[in-house]
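The transmembrane segment feature in TrEMBL is assigned to 20-36, 42-62, 110-128, 243-265, 285-309, 373-399, 406-424, 430-450, 471-491, 528-550, 595-619, 631-649 (among others).
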Amino acid sequence: MSNEYRPYISPEQSMKEISFKAIFLGIIMAIVLGAANAYLGLMVGMTVAATFPAAVIAMAVLRPFKGTILEENFARTTGAVGEALAAGAIFTIPAFLMTGVWTKFDFVKSSLLMLVGGILGVFIITLIRRTLVEDADLPFPESVACAEIIKTGQKAGSSASYMFWAMGLGGLIEFFTSENGIRAIKPFVSTVFKIPGLSRTMYLNSDNVEVYKASPMKGRMFIESPAANAAMTGVGYIIGPKLAALTFSGGVLGWLFLMPILLFISGELGNLASKFDGNWTDMAISAYNAQIKPIAVGAMLVGAFFTLFKMRKSLMTGIGRSILDVKKTRAGVKTDTPRTDKDLPFPSIIIAIIALFISMVFLYNIFTHSIGSAFISAIVMIVMGLLFAAVAGYLVGIIGSSSNPISGLTLTTLLIAALMMVLMGQTGDAGIKAVLGVAAVVCCVAGVAGDMIQDLKVGHILGGTPWRMQVGELIGVVAAALTLTFSLQLLHNNVEGGIGGITLPAPQAGLMAAMAKGIVGGEMAWPLVLAGMLLAVVLILIGSPSPMLIAVGMYLPFRATACIFLGGVLKYYLDRSVAKKKSTAKGKEIVENTGLLLASGLIAGQALMGIITAGLKGLKIEMPESLNNPWLALLIYFTLGFILIYFPYKKMVSAGEFGKSTEEGS
């Protein structure tokens, strides 16, 4: 099958691919998209694949400088890996702070964990590229779509404007709603409703003496409006109405079902009332942190493994193929291999992997102060990294990188590493550091591996040179790894509550922190975690499509899940409108691509402005006080709804791709 395939640029054609401008743009995109997706992932627990926006930016920037399609491909490949590394980093690195083993981000250790994970992911995928990329049974849906955008863009490049001005709008919204900017608009409101006619016996604790006192406590329900947030709306739009509704259902379950029950029957209610001086809003947030989050952690734990279980056939196939592929590569590359099939040399990759292993033994020894534990940790890291990089690559070939289950793969690694540390007597902070260190590397491996195989497939379709793209991936990994720690520290220091707080809850990192502390550190609210695990089992038994998403929705602030749901509703309305217009297949593609660019622009713009305003606060630059008016948030809702529906629909109508049969529009 692969012998019959002819790429867009033939193997015999000589075209500039690596150039200073392509490298420079790729590095900038890796840094910027990595930082933007780190902010997004910390805020809502999801990241958005950067392949599409990176492709559009590369076309828009390089074309005026007479850049070739292969230069654009190289820049896109280099830039997109920043998002993938950010996903791996923010799912694990913040857990060092959330467990308390670090008081601030350690630049050297954090960067080394990301570097090793990213580089290892690149090398492993290089070893198995041929089989995955050339396999006719793997559809690579996102890669094919991205390649079509790039090929179409060679004829007309107007689509880039949608993303750039959406970035500007997203940045403006963040600047005027953020506490670190000029907060003219309060992005949400919250209130506590009284539920009359209820009374209960309240538990009080006075000088360690248990007292039960009948008290006419009124019931309460805490509720927030959806946040006026461009990034969250964009996320809901991209994931679609079904997944957005699942996430929102978790918010409803946690905040509108469990929270009123906890506030009414909690044995600590009397102490909370005294601590917060009757402020029910603060009391509700305290209950969320102390009781709802552990339940959500338990549900995420079961949800992550259930996700892997559903993919078990694909996982086993991926594992089997990866073993066969590594064996095949021992034969080396043939001398008559065409340009479009040349990888980095096999011996160099093996030497580099050995060097990475040795470097991690030294780092884990610093964590554990035990060379034996460090060696075992490095063994677990390298074995799980090799295994899950191949698995992630195979899964991306089936479902795309946006659905890469890296948190589930990482959690498996964390549990294995944690059990190994306990067996070796490594408990307390040293054991927690080692476990999180292993998980961080493997998470970065899986994230980069999934993104890279998707990028290599795009290059395979376009006619890019694999070894040059692999060099681009390495450049992007280094650029992102050396800068992401600064972004994380900036956000932690200057955003309300820091990482793990109400603004940046970092659900996956919270899960990793809870598991590491619970197993190795011996600190876990196990009754609540067990309740969450049983809740997830119930969701599985009743056929819930995604217990993991529901659990993430429970973990996030209600205003976040409600805003994501609004984004999904907008996408649902647009899809219905397009269907009523009897759009052609080409018309639907126009709507999807235009909407994706707009939503991606909103996400990137707000995320970048969030980092900029955090930096301004870090520099002690005070913003003038402003209105902080919640009613102006309605204007944001209307504006976001208008652009995400009107412009994709208008472009389809302008192209005349409606009212025809599917065959006519294809």
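Each residue, glycine too, has its Cβ placed from N, Cα and C.
Keep in mind it's a predicted model, so treat the numbers as computed, not measured.
Residues of the same chain lying 6 or more positions beyond the ends of the transmembrane segment (430-450) and with a Cβ under 8 Å from any Cβ of it are 81, 84-85, 87-89, 91-93, 95-96, 99, 101, 109, 113-114, 116-118, 120-122, 124-125, 360, 363-364, 367-370, 373-374, 377, 380-381, 384-385, 388-393, 395-396, 401, 404, 406-407, 409-411, 413-414, 417-418, 421-422, 473, 477, 512-513, 516-517, 519-521.
Counted over residue pairs separated by six or more positions, the transmembrane segment (595-619) shares fewer than 3 Cβ pairs under 8 angstroms with the transmembrane segment (528-550), which leaves the two as not touching. Note on the transmembrane segment (42-62): residues 21-22, 25-26, 29, 33, 71-73, 75-76, 79-80, 82-84, 86-87, 90, 94, 142-143, 145-146, 149-150, 153, 157, 159-160, 163-164, 231-232, 234-235, 238-239, 400-402, 451, 454-455, 458, 491, 499, 503-509, 552, 555-556, 560, 564, 596-597, 600-601, 603-604 of its chain, located 6 or more positions outside it, place their CB under 8 angstroms from a CB of the stretch. Two recorded stretches are said to be in contact when at least 3 C-beta pairs lie under 8 angstroms, sequence spacing 6 or more; the transmembrane segment (528-550) and the transmembrane segment (20-36) fall short of this definition. Fewer than three CB pairs closer than 8 A are found between the transmembrane segment (373-399) and the transmembrane segment (285-309), and contact between the two stretches is not assigned (pairs 6 or more residues apart).
Across 20-36, 110-128, 285-309, 631-649, the stretch most heavily in contact with the transmembrane segment (406-424), judged by Cβ pairs under 8 Å, is 285-309. Listed by sequence, the residues of this chain that lie at least six past the ends of the transmembrane segment (110-128) yet keep a Cβ under 8 A from its Cβ atoms are 81, 85, 88-89, 93, 96, 321-322, 325-326, 329, 343-344, 346, 349, 352-353, 356, 359-360, 363, 382, 385-386, 389-390, 393, 437, 440-449, 452-453, 456, 466, 470, 473-474, 477-478, 480-482, 484-485, 488.
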